[in-house]
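Taking it in order: structure first as structure tokens, then the write-up.
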Amino acid sequence: MGGALIVLAMPKTIQFIKSAVLEKDFPVHKKAEVAIAGRSNAGKSSFINALTKNKIAKVSSTPGKTRLLNFFELDQSYVMVDMPGYGFAARSGDEMREWHRMIETYLMNREQLRGLLLVMDIRRSWTEDEELLKEFSERRGFPLAVVLTKADKMSRSQMLQAVAKVKKASGLSAVFGVSALKKEGQDAVEDYIYENWIKE
């Protein structure tokens, strides 16, 4: 390959598999899974729709709307798992504990998991919530990449500074700035997923 940029076609087919909360209800298959997590209102649904070029994730003005793990098969190649948003203050203590149990069960036990995309609003700082998900990845040994959404809210120089700031705070090298509005940055994320997590 010689380090050449690989331009990958977007998924041709997208099939909703199922929604689940309990491990016993997770779908049975042998494909690689890529999970996508993010703070409520981080722009996760808009990012997923831009990445797949399909409206598979419901965009809501109400944070914390997604309460289930939603499984989608992309181009018969891998399975994307849309995880419930975290950090929504209006949720009760019981709901937060339920969220934590569901996320921990999936991240720590799912054999098909190949990597986690952590979606953040580019204007927010790295917090203890993000650090917790990083700890899950380190304990289990799966890779973690960060997607900074709403990059159109900044100039390019500000976006690069924000990316550098998150890289430093997180200790991660795979940090991407994207804009669903301008349809920028998603291809780089897709290339990264295929090259590092999906390709045999």
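We count from 1, first residue shown onward.
Backbone N, Cα and C define each Cβ position, glycine as well.
Record features (Swiss-Prot):
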- 30-199: domain 'EngB-type G' (DOMAIN)
- 38-45, 64-68, 82-85, 149-152, 178-180: GTP binding site (BINDING)
- S45, T66: Mg(2+) binding site (BINDING)
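Shown here: features listed in Swiss-Prot, placed on the structure.
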{"residue": "G38", "record": "GTP binding site", "contacts (Cβ under 8 Å, 6+ apart)": "K44, F47, M83, G85, Y86, L118, V119, M120, V147"}
{"residue": "L68", "record": "GTP binding site", "contacts (Cβ under 8 Å, 6+ apart)": "S19, A20, V21, P84"}
{"residue": "K150", "record": "GTP binding site", "contacts (Cβ under 8 Å, 6+ apart)": "G43, D121, I122, R123, S179, A180, L181"}
{"residue": "V178", "record": "GTP binding site", "contacts (Cβ under 8 Å, 6+ apart)": "F47, A50, V147, L148, T149, A151, E184, G185, Q186, A188, V189"}
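Ranked by how many other Cβ atoms sit within 10 Å of their Cβ, the binding-site residues N41, S45 place N41 at the bottom. Cβ neighbour count for P84 (GTP binding site): 23 (other Cβ atoms within 10 Å of its Cβ, all protein chains included).
In this view, K44 (GTP binding site) is surrounded by 27 other Cβ atoms within 10 Å of its Cβ, with every protein chain counted.
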